[in-house]
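One structure is given below, encoded as structure tokens.
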Amino acid sequence: MNPQAKLISTMSLLLGTSITISSNHWMTAWIGLEINTLAILPLISKTHHPRAVEASTKYFLTQATASTLLLFASMINAWFSGQWDITQLTHPMSCMLSTIAISIKLGLVPFHFWFPEVLQGSTMTTCLLLATIMKFPPITLFYLTSPSLNSTLLTSMAIASAALGGWMGLNQTQTRKVLAFSSIAHLGWMTIILNYDPNLTLITFYLYTVTTSAIFLILNTTNTLKLSTVMTTWTKIPPLTTIFMLTLLSLAGLPPLTGFMPKWLIIQELTKQELTATATAISLLSLLGLFFYLRLAYCATITLPPNFTNYMKQWQTNKPTNPLTTIFTSLSIMLLPLSPMVLTIS
């Protein structure tokens, strides 16, 4: 890809995200989302592979549909209430349509169908952007409109996302699809607490972003696209593979790693709201995700590839380790002691 075009796309991506997360008016938020969509399309289709073109087409169609619904919802709300302020979402139809539109943009169940396919057709760096930065503006809109949204609808979608994200990830052999379904399951955790403690939704998203970024950067360094390739990474870079295993366990939410903190706080808040059954259900559904995280960790660190007489040894990767990998992996493993400070902030 042309360096100038890549720079323009990246700057537009940052501009669109900044416009949406800092706006109070529905029109400026919508413009920011549109800039985001148009900026990421060249990055998805830059490999000129048929799967990349297919992924960019699917992404464009779903995001255009979601943007249309969001604009329609804001216009209905402005028609009946005279308000374009994002926090003044009062009309029931507008609340329903905006929930559906933002869910499509995020990839929440039952609007998840595009997300795994788009990630599968993209490069690792683009997957990282799609799974983290591109979800920040819709999550911000959810945060701003959270008092107006239907808690029953959000809880149903959250439970369905956690169930389907865990269930569909079980039989995947492609690392990008595993991380796509992992993202859907984590969105379920973020959505379920949105009505009761929106700050906790943002904290969960930040920690998910840090951990997922670390995993994508490690996979990009080792050039790992399939589970069968994960088995060969131990012989190439043992220290990085060990860190990869710990980061996966953090994403699964095992103590004493960072990923345990948001799940613990969400379960605690749901129990305070007397939603013990909901907390129990989503906790049990997270066990499905734990299985495929453990399978990835097992393949990376315990399983060795078969060594036949004609087996060609894979030498250490020539890619230098990104400095960001060190920062993100450290944060995704060792942030749990900061839980009291996070509780104070939220």
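Just so you know, glycine gets a Cβ as well, placed from its N, Cα and C.
Note that the coordinates shown come from a computational prediction; the quantities given were computed from them, not determined experimentally.
As recorded in TrEMBL:
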{"type": "SIGNAL", "residues": "1-23", "note": "signal peptide"}
{"type": "DOMAIN", "residues": "23-288", "note": "domain 'NADH:quinone oxidoreductase/Mrp antiporter transmembrane'"}
{"type": "TRANSMEM", "residues": "59-79", "note": "transmembrane segment"}
{"type": "TRANSMEM", "residues": "91-115", "note": "transmembrane segment"}
{"type": "TRANSMEM", "residues": "151-171", "note": "transmembrane segment"}
{"type": "TRANSMEM", "residues": "178-196", "note": "transmembrane segment"}
{"type": "TRANSMEM", "residues": "202-219", "note": "transmembrane segment"}
{"type": "TRANSMEM", "residues": "240-261", "note": "transmembrane segment"}
{"type": "TRANSMEM", "residues": "281-304", "note": "transmembrane segment"}
{"type": "DOMAIN", "residues": "290-342", "note": "domain 'NADH dehydrogenase subunit 2 C-terminal'"}
{"type": "TRANSMEM", "residues": "324-345", "note": "transmembrane segment"}
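Within the same chain, residues 182, 207-208, 210-212, 214-215, 218, 221-222, 233-234, 286, 289-290, 293-294, 296-297, 300-301, 321, 325, 329, 331-336, 339, 342 sit at least 6 positions outside the transmembrane segment (240-261) and bring their C-beta atoms closer than 8 Å to a C-beta of that stretch. Among the recorded stretches 151-171, 202-219, 324-345, the one sharing the largest number of Cβ pairs closer than 8 Å with the transmembrane segment (91-115) is 151-171. Averaged over the domain 'NADH dehydrogenase subunit 2 C-terminal' (290-342), the predicted model reaches a pLDDT of 72.
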